[in-house]
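Before any comments, here is the structure.
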Amino acid sequence: MHLTSIIDNVKLKSKELLQKKVLQNIILVSGVTLFISILGFIKETVVAANYGLSIELDTFYVAILIPGVINTVFLGSFKSVFIPNYINEVGKKGNIGSFQSTSLMITLVVSLFFAGISYLGTDTFLEILYPNKSLEFYNLVKLQLPILLFAIFFWGIASTLGALLNVNDEYRLSSFAGIYTPIFILIGIYFFSDQFKNTILAWGTTLGAFASCAYLLIVAKKKNLIVLGKPDYQNSNIKIAFKQLPAKISSGLLTALNSVVDQFFAAQLVIGSIAALQYGLKIPAFLSGLLLVAFGNVLLPYFTKLVLSNRKLAFENLFKNLKWVFIGLVVITIFGILVSDLVVTLLYQRKEFTAEDTQVVSTIQKVFLAYIPFKITGMIMVNFATSINKNSIMAYISLVALVLNVLLDYVFMEMYGVFGIALCTTIITVLKSMTMYWYLKRLKQENDSITQ
């Protein structure tokens, strides 16, 4: 009888959880993201079969590095500060048309500025980060980079449109935007690789970015979410967003520079080390990306709305859910490490991708998998900090993490080669997550003392 009572209680709790809108949205976005991620993995297996650990693939990762940093750091940072302050603007019944126009103008100007800087600074970037490479290496990077710079504009507009959809609970529709890039890359490899083998990955990425932007624009327009007005840079919420932006950008830039540092050290090793590092990151990125997109898209608007209504309850929900999320992710991580060799063999080992490549990539992958519980819970805490406009702490944490990353990359690379670079990344991720937890715990205590 007691066991029956426990089972009934679990069923009741599960039903209550599934009825919660925020959990429904997370599950919905996770499902869409899973579908897109599977398509992305199909794309990766095709790329692996056609390129292996080759110079063409190495140079593509180098060429997309700066555009990727711009997208993640500058455009992603503005999207993060856009959401809570746009919600505040809607909450006070402000001029949302003006807010939207101002945000789009900022995005376009930032995209143009950094695309120009990237193009003009290509030679300097290559000479500093990748010295003593072959002429073929440099030429292949320079061939692909101008193509990828166009993607920055489309990513910029898409980030604002995607944020607009998320604020209005259109998570499913915004999540489908990620489907186009893998589709265009697959089409390119199957139908145009003979003519454009050296640039097909770059063209697929840029055309996919354009298609994603066009899709989000059409959806937002049909949902009547676009309400453009005269830009107003004196708007109070725009000013708050501007004040938060330097700290958010600094944090994002310093975090993104970790990838640059990792690639710099990997480039000092044998040809194929950069590609091996990237392939080792694919499965962890799949698992973490699946949850990062779902949690990130849903939780930032959720936290912002909850903080506005009940700040104390928001803190309580955060720490209660962090514990269970972390435990669940530890179980997933252990399973992932156990099947790592098998997964890499099934996904990649064919044609140019040899058994030796599989062994290298699988070992790197196991090291990266270990950071997943800390990365996901860390991201949840970052979203919470952004929702209460506490972005400055992230800049300080990221600065210390970058310094440690440079030092540990050098030490571990000398000891373990490319595996040491992966080990360093995992250690840094763990330390950042633990520091963020301590900071938010202290904020909760301060908030509790004020509300008592």
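We number each residue from 1, going along the chain as drawn.
Note that Cβ sites are derived from N, Cα and C of the backbone, with glycine treated the same way.
In TrEMBL, annotation is done automatically, which means it is predicted and not curated.
Look at TrEMBL and you will find 22-42 (among others) tagged as transmembrane segment.
TrEMBL lists 62-82 (among others) with the feature transmembrane segment.
Summarising the annotation, TrEMBL assigns transmembrane segment to 103-121 (among others). Long-range contacts of the transmembrane segment (103-121) within its own chain (CB-CB distance under 8 A, at least 6 residues past either end) are made by residues 66-67, 70, 74-75, 78, 82, 86, 145-146, 149-150, 152-153, 155-157, 159-160, 228, 231, 238.
According to TrEMBL, the feature transmembrane segment maps to 141-164 (among others).
If you look up TrEMBL, you'll see 176-193 (among others) marked as transmembrane segment.
The transmembrane segment annotation in TrEMBL covers 199-220 (among others).
The transmembrane segment annotation in TrEMBL covers 283-303 (among others).
According to TrEMBL, the transmembrane segment annotation covers 324-348 (among others).
Feature annotation from TrEMBL assigns transmembrane segment to 368-386 (among others).
If one looks beyond the transmembrane segment (393-412) by at least 6 residues along the same chain, the residues whose Cβ comes under 8 Å of a Cβ in the stretch are 247-248, 250-255, 257-258, 261-262, 265, 382, 385, 419-421, 423-425, 427-428, 431-432, 435-436, 439. Under the heading transmembrane segment, TrEMBL lists 393-412 (among others).
Distant neighbours of the transmembrane segment (418-440): 258, 262, 265-266, 269, 273, 276-277, 280, 315, 318-319, 322, 360, 363-364, 367-368, 370-371, 374-375, 377-378, 381-382, 384-385, 393-394, 397-398, 401, 404-405, 408-409, 411-412; these residues of the same chain sit at least 6 beyond its ends, with a Cβ under 8 Å from one of its Cβ atoms. Here TrEMBL flags 418-440 (among others) as transmembrane segment.
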Chain residues in Cβ proximity to the transmembrane segment (141-164) (below 8 Å; excluding those fewer than six residues from its ends, i.e. six or more beyond):
59-60, 62-64, 66-67, 70-71, 75-76, 78-79, 82-83, 86, 100, 103-104, 107-108, 110-112, 114-115, 118-119, 122, 126, 130, 174, 177, 198-199, 201-203, 205-206, 209-210, 212-213, 216-217, 219-220, 225-226, 297
